[in-house]
Amino acid sequence: MFHATTIVAVRKGGKVAVAGDGQVTFGQNTIIKKGARKIRRLYKDSVLAGFAGSVADAITLFEKFEGKLEEYHGNLQRAAVELAKDWRTDRILRRLEALLIVADKENLLIISGSGEVIEPDDGVAAIGSGGPYALAAARALVRHTSMEAEDIAREALAVAAEICVYTNDNIIVERL
């Protein structure tokens with residue numbers, strides 16, 4: 001299975017940024033790609049979405065989520081809840097192994113296959129193998145610096161890449 005990545009999202013000062021590394025790992029010991037894009041712009045470029053987990057599963061979920069965004073006219077929270085319900089109850093979808101971070105100008109959410117839609121209290125979220133490291137770094141930077149959301153996301157991911165062997169420093173950041 002292809003897995004292992006880090007995605008971090010930061011909301012600060014009316015802006016949101018989502019950063020992802022570029023590494024794709026096969027099994028436990030083989031890097032097969034260094035420059036993968038794990039963040040997408042959805043629904044008329046008004047929503048950012050990043051994934052951690054199986055690439056094929058994530059692409060399926062991106063497509064489903066974009067359909068929900070269209071169905072609910074860009075309402076991120078409603079689309080996220082409906083995706084989580086489908087993901088949890090559908091016999092095929094519930095086998096998908098991935099996590100999503102989605103954000104628009106007002107909301108930042110983590111969506112999981114077990115039906116959770118989580119909005120972080122502090123405007124910072126991270127998923128994937130390096131997620132705990134990126135989350136800690138981003139929280140510290142939000143609390144103790146005047147850095148912008150994009151710079152915090154980039155630096156938090158750089159810290160995770162220094163620690164997590166499944167995360168590289170080929171960082172892509174998208175912002176709204």
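Yeah, the Cβs are placed from backbone N, Cα and C, and that goes for glycine too.
As given in Swiss-Prot:
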type	residues	note
ACT_SITE	THR5	active site
BINDING	ALA161, CYS164, THR167	Na(+) binding site
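Locations of recorded Swiss-Prot features on the structure.
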residue: THR5; record: active site; Cβ contacts under 8 Å, 6 or more apart: GLY20, ASP21, GLN23, VAL24, ALA36, LYS38, PHE51, ALA52, GLY53, GLY128, SER129, GLY130, TYR166, THR167
residue: ALA161; record: Na(+) binding site; Cβ contacts under 8 Å, 6 or more apart: THR6, ASP21, GLY130, THR167, ASN168, ASP169, ILE171
residue: CYS164; record: Na(+) binding site; Cβ contacts under 8 Å, 6 or more apart: THR6, SER129, GLY130, TYR133
Where ALA161 (Na(+) binding site) falls in three-state DSSP terms: helix
Additional residues around Na(+), ordered along the sequence, whose Cβ is within 8 Å of the centroid of ALA161, CYS164, THR167: THR6, ASP21, GLN23, SER129, GLY130, TYR133, ALA134, LEU157, ALA160, GLU162, ILE163, VAL165, TYR166, ASN168, ASP169
Three-state secondary structure, THR5 (active site) (per DSSP): coil
